[in-house]
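TrEMBL lists 111-145, 146-180, 216-250, 251-281, 290-320, 360-394, 395-429, 430-464, 465-499, 523-557, 558-592, 628-662 (among others) with the feature repeat 'PPR'.
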Amino acid sequence: MDQTAKITKALLKNTTNPKLAWQLFKRVLSSPTTTDVSLQTVPTITRILIRSNMFDEIDTLHSLLLSLKPLKSSQSSVFLIVRILAESGFLDKAFSQFKSMRKHFPENPPTIYLYNVLIEYCIKTRRVDCVMWLYNDMAVVKVSPETYTFNLLIRALCDSGHLEEARELFDKMSDKGCRPNEFSFGILVHGYCRAGLASEGLELLGLMRSLGVSPNRVVYNTLISSFCREGKTDDAEKLVERMREDGLFPDVVTFNSRISALCKGGKVLEASRIFRDMQIDEALGLPRPNIITYNLMLEGFCKEGMLEDTKTLVESTIKVYGSLKVESYNIWLLGLIKNRKLLEAQVVLKEMVDKGVEPNIYSYNILMDGLCKNRMLSDARTVMNLMRSSGISPDTVTYSILLHGYCSEGKGFEANNVLHDMIRNGCNPTTYTCNILLHSLYKEGRISEAEDLLQKMNERGYGLDIVSCNIVIHGLCTSGKLDKAIEIVNEMWTHGSAALGNLGNSFIGLVDDSNSKKKCLPDLISYSTIISGLCKAGRLDEAKKKFIEMMGKNLQPDSVIYDTFIHSFCKEGKISSAFRVLKDMEKRGCNKSLQTYNSLILGLVNKSQIFEIFGLMDEMRERGISPNVFTYNTIIRCLCEGGKIEDATTSLDEMLQKGIYPNISSFRMLIKAFCEAFEFRVAQEVFEIAVSICGHNEGLYSLFFNELLNAGEVSEAKQIFEASLDRSFYLGKFLYNNLIDKLCKDEQLEVANGILHKMIDKGYGFDPASFMPVIDALGKRGNKREADELAERMMEMASDSRVANKVHQSAGELVHRKQNKHAGNDWQTIVHRDDGSSIALKTLKRVQKGWGQGNISSLQPQKYDFLDYWEGGN
């Protein structure tokens with residue numbers, strides 16, 4: 001073993017005792033006979049000292065080497081220290097020693113290799129200043145750069161988005177005696193493609209040929225992938241053919257790029273054909289699909305809701321790979337959740353566990369998110385418990401999902417428990433988590449609690465971001481504190497989130513705005529919220545001023561803000577103003593949305609400009625914007641009010657043909673219009689269609705019943721009412737008093753009496769005034785006993801304080817809990833009427849005597865305190 005090897009071995013033996021190794025190295029270096037040998041062990045001792053963070057000793061080593069004579073003998077060793085420091089991540093120390101070395105060796109500059117090493121590590125650590133210094137220093141000492149040097153610099157400029165400078169440097173390579181190679185072109189092409197400039201990258205492909213540089217597969221794949229991402233699939237296909245002409249067969253990366261682009265563009269069937277060719281056409285030399293290909297197709301099928309194809313592909317993947325990896329399962333889970341197949345998603349999660357594929361936290365979070373968004377909060381809780389039992393601790397995302405679910409349902413108590421559970425388990429809330437709670441509190445109108453939360457957020461250092469500020473601004477606007485919201489937006493330009501300190505006493509001095517780095521300024525959402533609030537309050541002039549202010553702050557309006565103005569103008573009947581806004585909107589490059597068209601159509605309907613409405617509908621079709629149920633309902637209303645009912649039914653047919661399901665409002669307008677036109681047979685047909693689509697809806701039945709009754713179609717109205725009783729509908733919107741009265745007047749006493757008894761038998765607590773026509777008719781016929789029985793039943797109902805029009809399961813217990821807003825109680829009128837009816841007078845006397853449990857005071861309208869009712873009062 002030679003002497004160098006012996007010393008190296010001795011140093012390595014003392015790696016765990018670096019101080020001893022250092023003493024040993026210094027002893028060897030100080031001996032004249034072993035100086036050359038010790039220089040060869042400099043890399044070893046340098047690494048030992050770096051691992052032990054002995055940087056003072058490294059500086060001493062640097063000085064010792066510079067003190068050796070002749071200097072040239074130690075120069076390469078100093079270079080080695082610089083290189084090792086840079087590679088170890090200590091760039092500042094490497095740079096410091098490099099500059100020191102340059103002073104000591106002015107006539108002997110470092111090699112281009114060392115410059116390249118330092119430039120590379122400067123780029124990795126984003127030290128642009130150091131890169132420029134090194135490049136200039138190379139020019140000073142006349143060290144010629146290599147192609148590799150230029151490649152490093154071009155990559156650095158591309159990564160920082162300076163494409164013009166990168167291209168300029170690329171073009172100067174030849175002037176410096178460097179010929180661009182395939183990597184030079186590849187770096188620049190990648191830079192252009194990443195910036196969405198694939199066309200410029202394609203031009204470089206032609207330049208490569210003219211310079212005699214053969215494009216490689218990486219360059220082609222980069223361009224193909226970029227064209228695919230931009231949706232230019234035809235250009236991508238041309239490149240694939242050009243690639244083959246150059247003798248380069250497309251590989252799996254090429255095909256994956258094409259499949260990914262087609263799937264994202266909704267052309268899943270086309271992507272599926274390519275995928276199938278890859279699986280079976282080995283004779284064509286096509287690459288076999290890899291797991292990335294399978295996952296891309298899984299995403300594509302799931303996105304388009306092709307779940308049967310997804311399941312088949314999953315089975316195919318298992319056949320090829322033996323099992324499905326957790327990443328593929330997660331794609332499948334996400335697809336099932338997006339397509340609202342929650343039960344199937346839970347089955348897939350169980351299947352993962354059964355097959356030994358451990359779900360990761362992302363798997364559980366996907367399922368929990370789907371369950372929470374579908375209001376299945378208890379199931380989401382169960383999944384979180386399962387997650388814990390599997391040894392996976394919930395993270396901030398998990399808790400935020402559950403928190404958002406409870407807040408969306410207004411379950412503040414449960415949300416608070418989740419927050420405490422989160423903190424108890426060492427998972428600290430983030431600003432995002434707190435923003436969820438903040439939004440929920442403002443949404444529920446719990447303003448003081450929201451302000452308390454803001455205070456706690458600030459005290460605990462979560463930071464108030466622009467989302468927090470916008471939540472507060474929106475909360476103030478919806479709670480009637482619009483001027484306070486405007487004040488906060490104005491103050492934010494100076495004080496950032498500290499402007500929230502203006503909320504009230506509990507908020508004075510809330511936020512310290514001294515840290516300008518955390519200052520958040522108003523954004524488009526802030527102004528959109530304020531402008532919307534002003535428009536809703538009818539303060540359009542102030543809204544316009546805010547719009548101008550926003551533009552002055554270099555915040556460009558989007559279609560949402562324009563739609564707000566258009567809707568407000570249309571609502572106020574200022575159609576010409578709305579179209580002026582529309583013109584400015586289009587001039588600024590904001591496209592019309594469905595909301596834009598709906599607002600304009602609403603405005604035109606209010607002016608009965610049906611011709612212009614259909615013109616807008618034609619324009620929507622040309623632009624590929626599909627109308628929704630609101631659009632059609634607005635048109636149906638206009639047609640019905642204009643007496644063009646047949647055209648209205650045509651619009652209904654068009655809705656159904658386009659797969660846009662009408663809602664209750666659609667049918668209500670048509671039924672009402674046909675009844676008013678005495679087209680009762682057609683109205684019946686529309687009613688039956690409505691029931692088949694919307695189900696047996698109480699509103700539909702009450703509307704049809706009332707319209708039939710008002711039109712004198714008593715027999716048909718009676719049938720609808722009896723069907724409503726069979727379904728135990730709430731009767732608040734039914735004019736049943738009128739039905740009973742008309743039946744009695746038409747001398748159909750038995751029928752009226754039958755309806756009355758049916759209501760009683762089914763447990764309805766309804767308006768006692770309904771008894772009077774039957775009681776009067778029975779009295780006139782001489783059926784005194786039966787009339788008295790009904791009168792007593794009427795008084796029982798009144799004295800029991802039963803709420804009118806509701807079904808009772810038992811005394812005091814209501815099946816339906818809706819308030820009667822539309823049908824008044826006629827009892828007060830009945831007990832004070834004097835129409836010569838002996839039964840009415842008899843009833844009045846009994847009431848005045850306190851007959852039964854009733855008395856005059858108990859029949860007065862009752863007043864309820866909402867808060868008492870909320871807390872459990874009756």
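Using N, Cα and C of the backbone, Cβ positions are placed for all residues, glycine too.
Small disclaimer: the values here were computed from a predicted structure and weren't measured.
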Can you say which of 216-250, 251-281, 395-429, 465-499, 523-557 has the most Cβ pairs under 8 Å with the repeat 'PPR' (290-320)? 251-281
Outside the repeat 'PPR' (558-592), at least 6 residues beyond either end, the same-chain residues with a Cβ under 8 Å of its Cβ set are 524, 527-528, 531-532, 535-536, 538, 540, 543, 547, 550, 599-600, 602-604, 606-607, 609, 623, 625
With DSSP as the yardstick, break the repeat 'PPR' (290-320) down into helix, strand and coil residue counts. 27 helix, 0 strand, 4 coil
What counts of helix, strand and coil residues does DSSP assign across the repeat 'PPR' (360-394)? 26 helix, 0 strand, 9 coil
Cβ under 8 Å, sequence separation of at least 6 from the ends of the repeat 'PPR' (146-180): give me the contacting residues as numbers and ranges. 112, 115-116, 119-120, 123, 126, 128, 131, 135, 138, 187-188, 190-192, 194-195, 197, 211, 213
Could you pull out which residues elsewhere in the chain have a CB under 8 Å from any CB of the repeat 'PPR' (628-662), counting only those six or more residues past its ends? 594, 597-598, 601-602, 605, 608, 610, 613, 617, 620, 669-670, 672-674, 677, 679, 686, 690, 693-694
Give residue numbers and ranges for long-range contacts of the repeat 'PPR' (216-250): same chain, 6 or more residues beyond its ends, CB-CB under 8 A. 182, 185-186, 189-190, 193-194, 196, 198, 201-202, 205, 208, 257-258, 260-262, 264-265, 267, 285-287
Under DSSP, the repeat 'PPR' (146-180) has how many residues in helix, strand and coil? 26 helix, 0 strand, 9 coil
For the repeat 'PPR' (523-557), what are the same-chain contacts with Cβ under 8 Å, counting residues 6+ beyond its ends? 466, 469-470, 473-474, 477-478, 482, 485-486, 489, 492-493, 564-565, 567-569, 572, 588, 590
Mean per-residue pLDDT in the repeat 'PPR' (290-320) works out to 86
Would you kindly list the residues that approach the repeat 'PPR' (111-145) from elsewhere in its chain, counting only those six or more residues past its ends and only Cβ-Cβ distances under 8 Å? 79, 82-83, 86-87, 91, 94-95, 98, 102, 152-153, 155-156, 159-160, 176-178
